[in-house]
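A.B. asks: So TrEMBL lists the following for this protein:
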type	residues	note
ACT_SITE	173	active site, nucleophile
ACT_SITE	344	active site, charge relay system
ACT_SITE	373	active site, charge relay system
DOMAIN	80-379	domain 'AB hydrolase-1'
SIGNAL	1-19	signal peptide
Ligand SMILES: *[C@@H]1O[C@H](CO)[C@@H](O)[C@H](O)[C@H]1NC(C)=O
Ligand SMILES: *[C@@H]1O[C@H](CO)[C@@H](O)[C@H](O)[C@H]1NC(C)=O
Ligand SMILES: *[C@@H]1O[C@H](CO)[C@@H](O)[C@H](O)[C@H]1NC(C)=O
Ligand SMILES: *[C@@H]1O[C@H](CO)[C@@H](O)[C@H](O)[C@H]1NC(C)=O
Ligand SMILES: *[C@@H]1O[C@H](CO)[C@@H](O)[C@H](O)[C@H]1NC(C)=O
């Protein structure tokens with residue numbers, strides 16, 4: 001209730017205030033840009049591809065083939081690093097800060113071929129071969145389908161395009177969840193992964209503290225009502241306007257911060273508050289109600305399960321069994337390195353502890369005491385705490 005109230009009042013306040021602030025202060029130009037524009041704004045080569053999944057979704061896949069240092073620009077052997085965003089975010093996660101503090105640019109400058117995926121339903125992946133975007137059928141998906149179709153399609157595409165047989169995978173939040181599922185259920189994709197870097201990994205969510213999922217859990221019936229019907233928090237042009245035009249204004253800063261906090265958890269000391277307009281205009285990037293419902297089904301459970309379609313008969317149709325099947329991460333053989341934060345509301349340290357004991361090939365693990373969910377993307381010191389170590393591990397595993 002509190003969350004819905006907050007969102008409502010947020011939108012109402014900004015809606016009415018909007019006209020009054022036409023002559024806004026200057027903002028970071030990236031707040032009004034798409035992924036390609038942000039990449040080229042900072043002087044990097046940008047490429048965009050459409051990937052079609054087996055079930056017809058058209059995903060926006062973005063690439064920074066090399067960096068400004070042009071290390072290995074002409075080499076045919078540039079190693080591929082694939083970046084997969086989390087819940088309600090998009091590929092913009094990796095390029096939202098200055099180049100020296102954004103993983104996408106840092107990896108490109110370190111000589112890697114950087115690819116950034118977008119899960120179905122986010123701002124940049126909202127097309128389908130034959131379904132209309134506003135149809136019920138289009139939105140009838142959760143992270144099950146992102147693991148089963150989106151990830152394999154994107155990885156197969158990259159392998160074909162680059163000729164690289166093996167790639168490095170970096171996931172954040174739900175971007176780790178779908179990797180755990182794909183890599184433990186589809187061996188042919190798992191074999192392609194040299195090292196899986198899991199930032200703020202999420203699997204079972206027995207101890208999760210995030211208000212977003214908790215409220216969805218309490219309001220399951222409402223979510224269910226919308227499920228399979230519509231987008232959840234889509235990033236419309238209107239919201240981009242709110243983020244870019246109004247967040248920089250002092251009196252709205254607190255509201256913008258609270259909104260972000262409600263969704264992901266945050267710590268103002270480790271964020272560059274001058275970039276709030278970029279974060280707010282690019283996020284939330286939307287997903288399906290069914291995906292939120294799926295997460296709320298898992299709340300307070302020790303297990304990670306596929307989406308429960310609501311009745312034994314429907315589950316039988318989808319899974320050939322009356323209950324939703326369990327995902328078991330112990331089946332995953334991929335070398336995995338993880339970083340988690342003790343203040344993370346989504347990836348609770350207790351849940352992470354359970355997950356770590358189930359990863360069979362854990363090659364590195366670090367807990368950062370003051371980190372929350374969003375620091376892994378936007379933290380001011382994330383280069384020193386995490387990204388530098390990722391590059392070190394890549395270099396040791398070539
Ligand atoms: C990135 O560059 C900005 C501006 O030059 C600087 O203030 C900041 O400290 C740098 N960040 C890192 C992580 O090096
Ligand atoms: C914070 O963001 C502002 C606005 O984009 C930028 O000018 C500044 O260099 C950034 N500071 C750091 C430490 O990255
Ligand atoms: C979580 O489950 C336990 C028992 O399995 C129950 O006692 C507890 O009330 C549940 N918590 C919530 C928030 O539903
Ligand atoms: C469905 O499950 C039954 C019994 O568990 C099994 O015999 C059958 O082969 C399964 N069908 C398919 C299509 O997997
Ligand atoms: C996962 O699989 C392993 C090995 O097959 C088994 O020991 C374990 O009990 C399974 N975990 C769950 C939660 O089913």
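Glycine is treated like the rest: Cβ placed from N, Cα and C.
Worth saying up front: this structure is predicted, and the values here are computed from it rather than measured.
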A.B. asks: Can you tell me whether DSSP puts residue 373 (active site, charge relay system) in helix, strand or coil?
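C.D. replies: Reduced to three states, the DSSP call for residue 373 (active site, charge relay system) is coil.
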A.B. asks: State the count of C-beta atoms found within 10 angstroms of the C-beta of residue 344 (active site, charge relay system), not counting that atom itself.
C.D. replies: 28
A.B. asks: Please report the distance from the Cα of residue 373 (active site, charge relay system) to the Cα of residue 173 (active site, nucleophile), rounded to the nearest angstrom.
C.D. replies: 8
A.B. asks: Using Cα coordinates, what distance in whole Å links residue 344 (active site, charge relay system) and the residue listed as 'active site, nucleophile'?
C.D. replies: 10
A.B. asks: Report the same-chain neighbours of residue 173 (active site, nucleophile): residues 6+ apart in sequence with Cβ closer than 8 Å to its Cβ, ordered by sequence.
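C.D. replies: Those within reach of residue 173 (active site, nucleophile), by Cβ under 8 Å and sequence separation of 6 or more, are 85, 86, 87, 89, 199, 200, 201, 202, 346, 347, 373.
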A.B. asks: Just the active-site residues from 173, 344, 373 whose C-beta lies under 6 Å from any atom of ligand 4, please, or none if there are none.
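C.D. replies: Near ligand 4: none of them.
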A.B. asks: Looking only at Cβ atoms, how many others are within 10 Å of the one on residue 373 (active site, charge relay system)?
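C.D. replies: Looking across every protein chain shown, the total is 25.
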A.B. asks: Determine the active-site residues, out of 173, 344, 373, lying near ligand 2 in the sense that the CB is under 6 Å from one of its atoms, and give them in sequence order.
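C.D. replies: Within range of ligand 2: none.
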